[in-house]
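Record features (TrEMBL):
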- 7-28: transmembrane segment (TRANSMEM)
- 102-121: transmembrane segment (TRANSMEM)
- 128-147: transmembrane segment (TRANSMEM)
- 153-173: transmembrane segment (TRANSMEM)
- 204-222: transmembrane segment (TRANSMEM)
- 234-254: transmembrane segment (TRANSMEM)
- 289-352: domain 'MIR' (DOMAIN)
- 363-420: domain 'MIR' (DOMAIN)
- 427-484: domain 'MIR' (DOMAIN)
- 569-590: transmembrane segment (TRANSMEM)
- 602-627: transmembrane segment (TRANSMEM)
Amino acid sequence: VSVMLQLPLVVTTQVDLVLVLVSLLAFWTRLSRLSSPNAVVFDEVYYGQFVSLYMKRVFFIDDSGPPLGHMIMALGAYLGEFDGNFVWNRIGAEYPSSVSVWSLRLLPAVCGALCVPLVYLLTLELKFCHLSALGASALLLLENSLIVQSRFMLLESLLIFFVLVALLSYLKFHNHPNSWFRYCWLLLSGASCAAAVGVKYMGVFSYLLLVGVASLHTWNLIGDRTLSVCVQCVCRAVCLLVVPVLLYVFWFYLHLTLLHRSGPHDQLMSSAFQASLEGGLSRITQGQPLDVSYGSQVTLRSSASQPIPCWLHSHKANYPIRYENGRGSSHQQQVTCYPFKDVNNWWIIKDAGRQELVVSSPPRPVRHGDVIQLVHGMTSRFLNSHDVAAPMSPHSQEVSGYIDFNVSMAAQNLWRVDISNREAESESWKTIMSEVRLVHVNTSAVLKLSGVSLPDWGFRQLEVVAEKLFKAHSSSLGWTVEEHRYGTSQEQKEREAELHSPTHIDVDRKMSFWAKFLELQWKMLTVKQEDSEHKYSSSPLEWITMETNIAYWLHSSTNAQIHLIGNPVSWGVAHLSLLAYQLLAAVYLLRRRRGLKDLPDGVWAQFVCLGCVCVGGWLVNFVPFLLMEKTLFLYHYLPALCYLHLLSPALLEHTHTHLLRYTHTHSPLVTLVQLSASQLQALKWRDSWDILYRRR
């Protein structure tokens, strides 16, 4: 104890001044004059809308990626006391004095600045020298495309930051096998992977790359009998598989907790999801009866009507006697799908064996497998189908409101209720929650939305048909009861007045988080907004050759402007390094196959690790774009480019250290060889070299 308490207590530390210097320069290039220009720059017009919605707690869905990146930018806006009251309607719009532009752009800029020291440290963890680390960090520091992308309210700097943290943390874990503290690095690596995926879906590919490298290391570890393999594998699985999944779900939990109000994107979601939000549809559907019963008045929304919803509809207009192509129709009342709220969207669920159109006491719920009739509320026509070709889809059956023209065309108006998401065979039909298929009893065809617009005689509304089940796609067959009440009026005039009245009752019904989470995942992956040609869109091959740039901002009255464009020198070096590594790796592999080992095992392992991280990182962040059918921009290439900037100095060091050492240019100086004075003079490349020789 006396030895431990000796004074003075001294703490010794080492500071890498080069690392400090490049970090300071990175913050200076990314954060200086961050509020300039004081105007909306390129995609700030897009992401700014989401930030405003966060400030107002209004729900939205962005099909380009998960919500973590938006939440990080919203955090910056919150720190700057932004209230969300700014209209992001055009690029170049001036920010008012009440908006702290600096805080809006702060967190992406900080992450972009931190990428520079991260690359420095990552190079060292790949076991290359400090000079190579300085070279890699300098390439990132001076890359003008990365500087531009970091200085605005955009996502790429956040994505690159989390990917680099994940790789650095994993390598620190792998390179220090004798310390239990290293599992903190592994945990940080898994959390950073989750954050990268939470910013943009492209982060999945870097995550899979890291998991692949970790799996290879784990496989090699299994052969070491001195270690507790089970514990090692479980720790890796928890940190790199379980933790990322839990954190990914947590990002959405925060997203859905914060955004609890109805907004402009509600229509992309199901009726149940909309009803769970404050305002909007919930004001209409709160407190509706849960069980659909005989006599219920309902509106039926098609599950296939995305992204714009539509409801089963009929009106006092008949199909034309003959269509433009000469085909005949039944001339019965039109049934369509209408994309607006309307009193003609109401239908009454009727028991086929009774005449009543009101709910009995107690109500009799409709269950899976029951046969019903659907009566149009405003015209009292029965929903009908028969062996007559649909107007726009002649391979399908026409659906109509039945009119008895006394022409030997009998009514075929029985429909079987098939609840597709039921948990039990006897389950009752639930408002909002149940998705049902309506199967025509006479023909076994299923009621569906074809998606084709009718001509002017059909008021450009959407066609509804009945199609054989084996032909129809299951995703287009579902219908959901959205608005629902128990009918009380048997007489037609009283019923019409009832249908015009509101349905709101102040009773709350919620949707579980997991149901909302799964629906949101599905929508983000499947609901794509229409892509349009953009002036600055580009193809992946144009990124490599630098044939493209993006004008981010132009001053309204001067020639001041901001462009996203790469540095031709650094991009050229980066792609030459990529080619050189591949050629060198091919030569090494061929020679090793022939039994010629040019490199010691440790150096070979370092070379392979460099390729897995850098070349592999470039591949997984570039090749997927070749397969995507979406509008692409130059900034999509920046994550892949960072891997090449990491590769270039490391490959140069490898070439200098392990290839040039085999040169025999000056071998006469290290071996005992007789040379003439002229031969020795030819070896003197620099005047400062002191080479001795005898004159004769």
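Using N, Cα and C of the backbone, Cβ positions are placed for all residues, glycine too.
Note: the stretches the transmembrane segment (602-627) and the transmembrane segment (234-254) are not in contact (fewer than 3 CB pairs below 8 A, sequence gap of 6 or more).
For the transmembrane segment (569-590), the most Cβ-contacting stretch among 102-121, 128-147, 204-222, 234-254 is 128-147 (pairs under 8 Å). Averaged across the domain 'MIR' (289-352), pLDDT in this predicted model comes to 89.
When Cβ distances are compared across the two stretches, the transmembrane segment (102-121) makes contact with the transmembrane segment (153-173), since 3 or more pairs at least 6 residues apart fall below 8 angstroms. For the transmembrane segment (128-147), the residues of the chain that approach it from at least six positions outside its boundaries are 16, 18, 22, 25-26, 29-30, 112, 115-117, 119-122, 157, 160, 564-567, 570, 573-574, 606, 610, 634-635, 638, 641-642, 645-646, 648-650, 652-654, judged by C-beta separation under 8 angstroms. Look at the domain 'MIR' (427-484): DSSP puts its residues at 6 helix, 29 strand, 23 coil. Within the chain carrying the transmembrane segment (204-222), a Cβ under 8 angstroms from the stretch's Cβ atoms is held by residues 163, 166-167, 170, 174, 189, 193, 196-197, 229, 232-233, 236, 240-241, 244, 612-613, 616-617, 620-621, 624, 639, all 6 or more beyond its ends.
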